[in-house]
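Colleague: I have a structure here, written as structure tokens, and I will follow up with some questions on it.
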Amino acid sequence: MTENPSRSPGRDATPDADQVDPDPVSDDDLFSTGDIFARRELLRVGHVPDRDRIVGRDNEMQQVGNALGPATHGDPPRNLVIFGKTGTGKSLVSRHICRRARGRAEANGVELLHAYVDCSDADTETRVVRDMTFQVRDEIDPDREIPIAGIGASEYYRYLWDLLDEIDVFVVILDEIDKLRDDQVLMQLSRAEESGKTNTFVGVISISNKIEYRERLNERINSSLQDRELTFHPYDAEQLRNILENRRDAFHDGVLSRDVIPRTSALAAREHGDARKAIDILFEAGALAEASGDGEVTSDHVDDAQQRTEVKRFQDLVSGSTPHVKYALRALALLTAQSEESETKMFSTSEIYSLYERLAERDDTKPLSHDRVYRLLKEQSFLGITESHLTGGGKGQGSYLAHRLMKEPEIVLEALGKGP
Ligand SMILES: Nc1ncnc2c1ncn2[C@@H]1O[C@H](COP(=O)(O)OP(=O)(O)OP(=O)(O)O)[C@@H](O)[C@H]1O
Ligand SMILES: [Mg+2]
């Protein structure tokens, strides 16, 4: 056999990948990042902006700084409760100031550590204390062996207090604190020093976006954890504009038409004042321009993006719902869309029910009883999907429950799609 046998036709039919003729699509094209985005990551959910990209929250940063100020000198920090709607910078600002406090403390020769616990993941006492313990362990003594499972809260506390004795101040951020299922961990933290468990000063920053739970939270949270309360308000158009301007470099030079950022900020400020959503709309607008091969992002892309993000959000909201909930919401959306009056018009359970029945039957689904649908609608209002009010009927009619959607009917209908 020769060293270099002539190849059989069979082999030619399946050539090695690197022996094919150069592909008509060049590598430049194949792996191009497009003409729109220069640094996509700046607009990603979860991207944490660095210090000079946090804008419009100077006052709030100052207040969190004031609470932690003493800690940077080795004194006890003040506890803080932060309220505010979603996307108003609560988590961002708290974490950022904790990091800075740590640097400042270090410069003063004080050992300050902080932990961040998301109580929507760690929603029991054991989970929270375990989470804190591991974060502290990783910082102070990464080689210390601590069981990941099989021990209870009290054992984790023992590890935690023991580790904390090596530092001066410990600050923990309990984010989404309304998701916490029991309060023991709050008691333990607030009494840690008093009860002689540790000599370290402990500070707690509690965060919640459930403003309506404020009273209940106030009852739950030991009063010593509420030295101060701080509210983060929704961003106004100008603040959103600054936030977005600061991320303009996510795009290539010159691709954003002049009115894109003002338009996005105005829409977001009008609807919610949520920075996360504003950033999301800007990203979607860019993605839409990219997908349609347009070289420029325009305010039309922004409007489409806004619609799309709303639809997506509504889909997420109802994704786990039963078909019956979807028929009822579709019924309400159709009634609203057909109504000559404004979108704030409310409809009685009976009006919704008769259309619901028809929609279900059209799909060969057996409708639920009037009473069940009434309860389903009430649940939707609890979830914030609809709003329900008792309305006084006319003379002798008594009062009845009326409902309206919290979103435009077009969005709801598009989100529900063709299915139930
Ligand atoms: N002042 C700001 N400057 C720059 N970016 C911001 C600002 N506020 C919020 N953002 C952006 O919006 C995102 C959401 O903010 P953050 O997570 O702090 O909101 P939140 O108030 O904690 O909301 P939630 O209640 O939903 O947890 C941040 O990750 C950041 O990208
Ligand atoms: Mg948050």
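Placement of Cβ uses the backbone N, Cα and C atoms for every residue, glycine included.
Grabbed the feature section from TrEMBL, which reads as follows:
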type	residues	note
BINDING	T88, G89, K90, S91, L92, Y235, R247	ATP binding site
COMPBIAS	18-30	compositional bias 'Acidic residues'
DOMAIN	76-244	domain 'AAA+ ATPase'
DOMAIN	329-416	domain 'Cdc6 C-terminal'
REGION	1-31	region 'Disordered'
Colleague: With DSSP, how much of the domain 'Cdc6 C-terminal' (329-416) is helix, how much strand and how much coil, in residues?
Modeller: 45 helix, 16 strand, 27 coil
Colleague: Give me the non-local Cβ neighbours of T88 (ATP binding site): same chain, 6+ apart in sequence, Cβ-Cβ under 8 Å, ordered along the sequence.
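Modeller: Spatial neighbours, sequence-distant, of T88 (ATP binding site): N209, F232, H233, P234, Y235, G273, D274, A275.
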Colleague: Could you tell me the maximum Cα-Cα distance in Å between the residues recorded as binding ATP, namely T88, G89, K90, S91, L92, Y235, R247, rounded to a whole number?
Modeller: 19
Colleague: Which residues of the same chain, at least 6 positions away in sequence, have a Cβ lying under 8 Å from the Cβ of R247 (ATP binding site)?
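Modeller: In sequence order, L42, L43, P49, R53, I279, L282 meet the Cβ cut-off.
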Colleague: Tell me which residues of the chain lie with their Cβ under 8 angstroms from that of S91 (ATP binding site), as long as they are six or more apart in sequence?
Modeller: I173, D175, I207
Colleague: What binding-site residues in L92, Y235, R247 place CB under 6 Å from ligand 1?
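Modeller: With ligand 1 as the reference and 6 Å as the Cβ limit, the list reads L92.
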Colleague: Which binding-site residues out of T88, G89, K90, S91, Y235, R247 lie by ligand 2, going by a Cβ under 6 Å?
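Modeller: Once distances to ligand 2 are taken from each Cβ, K90, S91 fall under 6 Å.
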Colleague: Using a 10 Å cut-off on CB atoms, tell me which of the binding-site residues G89, K90, L92, Y235 is the least crowded.
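Modeller: Among the binding-site residues G89, K90, L92, Y235, the sparsest Cβ neighbourhood within 10 Å belongs to L92.
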